[in-house]
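J.: Quick one: this structure, given as structure tokens, is what I'll be asking you about.
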Amino acid sequence: MYSTAFLDIPALASAGGSVQLPGSKSISNRVLLLAALSSGTTAVHDLLDSDDTRVMLDALRALGCQVALAEGTTRITGLGDARPAAALSLFMGNAGTAMRPLTAALALLGGDYTLDGVARMRERPIGDLVDALRQLGCHIDYLGTEGFPPLRIAQGAGVPALALDRPVRVRGDVSSQFLTALLMALPLAAKSQDVVIEVVGELISKPYIAITLALLARFGIAVTNENWQRFRIPAGSRYQSPGSIHVEADASSASYFIALGAIAASARGQKGIEIHGVGLNSIQGDIRFIEAAQAMGAQVSGGPNWLRVERSTWPLKAIDLDCNHIPDAAMTLAVMALYADGTTVLRNIASWRVKETDRIAAMATELRKLGATTEEGPDFLRITPPATAQAWRAASIHTYDDHRVAMCFSLAAFNPAGLPVRIEDPRCVAKTFPDYFETLFAVVQPASTGVPVICIDGPTASGKGTVAAKVAQALGYHLLDSGSIYRATGLAARQAGLAIGAEHAEAIADLARTMALRFDAGRVLLAGVDVSDAIRTEQAGMDASLVSALPQVRTAVVALQLGFRTLPGLVADGRDMGTVIFPAAPLKVYLTASAACRAERRRQQLLARGINAKIADLRADLEARDARDMNRSVAPLKSAQDALLLDNSELTIEQAVAQVLAWWQQRQPFARSAAG
Ligand SMILES: Nc1ncnc2c1ncn2[C@@H]1O[C@H](COP(=O)(O)OP(=O)(O)OP(=O)(O)O)[C@@H](O)[C@H]1O
Ligand SMILES: Nc1ccn([C@H]2C[C@H](O)[C@@H](COP(=O)(O)O)O2)c(=O)n1
């Protein structure tokens with residue numbers, strides 16, 4: 001997961017391969033609550049691990065359910081007839097799928113509970129649900145603004161007598177989650193008589209209600225659906241664990257990859273994108289996104305648990321669509337509209353206004369930044385794509401703490417202008433798809449502009465490794481510590497009993513080419529053994545300097561180094577990154593510091609490891625190493641002609657990092673528009 005302030009996605013050209021999608025958030029949180037209310041233990045397979053499901057799991061644990069995670073399966077032992085914790089304060093984050101159903105369930109369990117969330121949760125209406133529960137006789141108070149969280153369920157003395165002899169009326173035209181919440185909670189009250197729920201107004205998002213009904217049936221509750229207007233929960237209802245249940249992958253998450261298949265040219269040798277975990281027979285309403293994508297030109301095929309999507313009609317066809325049946329996935333259509341042959345209109349999407357953010361306003365604003373013309377109404381959005389490739393703009397997309405905004409705008413990186421797209425706060429995808437960007441990057445290829453590389457070269461102990469690692473971390477880029485490749489080669493040569501010299505150049509080059517070198521979470525593994533410390537000694541540094549002077553060795557490790565250049569970008573540190581390995585890199589920095597300063601840094605580094613060395617010896621060693629690195633015949637250490645010089649003798653690490661990042665920002669097309 002990317003936890004950086006922003007993620008720059010370079011211009012993309014094609015896609016191909018297969019993706020496995022995470023479990024559906026809507027199904028996951030429904031299953032968790034139903035398992036918690038049931039008798040017995042439910043083994044939940046493929047549960048989504050995300051911010052919103054963690055919120056639900058934390059609440060269930062606090063209420064007294066047993067939750068155990070082993071080998072990818074979550075086991076929930078439900079409350080059954082046991083009473084939950086009597087008084088609790090629960091934090092729901094921004095998880096509507098936890099806030100609404102838990103409010104209803106807790107109101108029918110009895111107890112004294114407060115429920116609150118993040119600032120946006122306090123703006124998301126819950127009044128219609130509370131009204132329905134109050135009609136029944138439940139005691140619920142608002143602790144802030146009327147109609148919005150936080151709220152208190154004040155039933156410490158137990159559930160009051162409930163008015164069940166008349167239908168419970170709930171509005172269906174603001175959020176279908178209110179009805180879902182009642183459907184999942186009211187079986188608790190349907191002991192000696194049927195309970196009827198009556199929908200007031202047009203019921204929106206019926207497919208989500210269909211998911212609720214299907215899952216209730218799996219947990220032993222057979223609700224009668226009377227034309228989506230009345231729902232009857234039979235007397236004697238009792239939640240019963242199905243024992244084990246699989247969570248389908250998220251059909252809304254599939255929409256990004258369906259759109260990807262429709263937008264991107266197929267990568268060489270590939271036929272579009274294959275999506276696993278959800279298929280044509282999905283119980284989720286958002287699967288009907290496929291029809292919308294087909295209407296725009298996507299070619300989609302599939303089976304029960306998979307889909308294949310290929311680009312067909314190009315440009316895509318503009319559509320005018322009532323999106324009430326696919327409220328979440330329809331946001332993806334708004335970005336597909338950027339690639340259409342005319343104006344697309346998405347209608348009946350008023351519910352977007354009360355989601356994680358006001359999604360109509362958010363989408364309109366961000367699409368405009370890219371060069372589109374948009375018009376928003378109370379319940380519609382009209383999108384006209386940029387008229388020409390030149391009319392596209394490189395935009396920094398604000399994501400409003402809304403996972404879907406972040407995910408769907410990543411697809412703007414296929415713009416014909418070859419511009420990168422900046423996604424602000426990429427971590428917000430953690431709500432439903434924590435590894436979204438990693439999954440995307442595994443199946444897309446960059447445009448001709450390539451994967452960006454920042455090279456940081458310089459002499460030993462100048463701080464290259466430290467600065468490179470921090471720059472990479474700030475940008476979410478990969479890191480190539482090329483010195484460690486030569487260090488590992490030197491170690492491998494020693495282990496093989498080879499003296500490091502020209503007479504063994506071929507043998508050492510063979511070792512370098514074939515050694516099983518792996519970089520894993522900051523550690524360096526050689527043939528499965530962690531050699532991170534062994535390659536950091538002064539001797540290993542000298543050996544590395546010697547092997548790196550052998551031309552055969554340098555040639556042998558070129559491919560390995562080039563392989564690090566993967567999406568979304570790379571920071572490479574070494575001696576010849578900018579001059580030889582990545583000569584076209586858009587930013588090259590030659591990082592240096594005075595010899596005295598570098599010797600002192602090395603002394604401090606060794607002291608931290610308990611090694612006391614003389615500063616004069618260290619300085620002599622590093623000057624000897626510099627001399628060899630600078631004077632060898634191939635790829636000597638020198639500043640690339642187009643490198644920027646950074647002498648950090650008088651700088652802190654943070655200042656050096658800030659300077660490199662500032663130079664990088666100056667090279668980004670959206671830096672100016674973001675600031676301005
Ligand atoms: N600007 C700085 N001010 C103070 N100390 C620094 C600065 N930059 C780096 N250092 C420290 O200097 C030491 C050497 O830095 P680092 O290992 O990053 O250098 P390097 O150039 O990668 O060295 P080598 O090429 O030998 O691997 C580290 O302990 C680091 O914390
Ligand atoms: N791109 C590179 C990186 C490193 N080397 C050689 C020269 C260095 O003395 C040695 C160890 O590098 P360090 O880990 O100290 O950065 O490896 C090189 O020739 N080219």
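Cβ coordinates are placed from backbone N, Cα and C, and glycine is handled just like the others.
Because TrEMBL annotations are produced automatically, they should be read as predictions rather than curated entries.
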J.: With Lys25, Gly96, Arg124, Gln177, Arg359, Lys431 listed by TrEMBL as binding phosphoenolpyruvate, identify the candidate in Arg61, Arg152, Arg393, Arg404 belonging to that site.
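T.: As annotated by TrEMBL, Lys25, Gly96, Arg124, Gln177, Arg359, Lys431 share the phosphoenolpyruvate site with Arg404, chosen from Arg61, Arg152, Arg393, Arg404.
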J.: Taking the centroid of the Cβ atoms of Lys25, Gly96, Arg124, Gln177, Arg359, Arg404, Lys431 as the phosphoenolpyruvate site, which other residues of that chain lie with their Cβ within 8 Å of it, listed in sequence order?
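T.: Going along the sequence, the neighbours appear as Asp52, Asn94, Ala95, Thr97, Asp328, Lys355, Glu356, Asp402.
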J.: Return the residues near Gly96 (phosphoenolpyruvate binding site), defined as same-chain residues 6+ apart in sequence whose C-beta is under 8 angstroms from its C-beta, sorted by sequence, else 'none'.
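T.: The list for Gly96 (phosphoenolpyruvate binding site) reads Met121, Arg124, Ser175, Gln177, Lys355, given in order along the sequence.
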J.: Whole-number answer please: how many Å between the C-alpha atoms of Lys25 (phosphoenolpyruvate binding site) and Lys464 (ATP binding site)?
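T.: About 42 Å separate the Cα atoms of these two residues.
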J.: Any idea which of the binding-site residues Ser176, Ser205, Thr466 has the thinnest Cβ neighbourhood at 10 Å?
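T.: So among Ser176, Ser205, Thr466, the binding-site residues given, the one with the fewest Cβ atoms within 10 Å is Thr466.
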J.: With the Cβ atom as the reference point and anything under 6 Å counting, tell me which of the binding-site residues (Lys355, Gly458, Thr460) are near ligand 2.
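T.: Checked binding-site residues vs ligand 2; flagged Thr460.
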J.: Under 6 Å from ligand 1 by C-beta, which of these binding-site residues make it: Gln177, Arg404, Lys431? Sequence order, please.
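T.: What lies within reach of ligand 1, judged by Cβ under 6 Å, is none of the binding-site residues.
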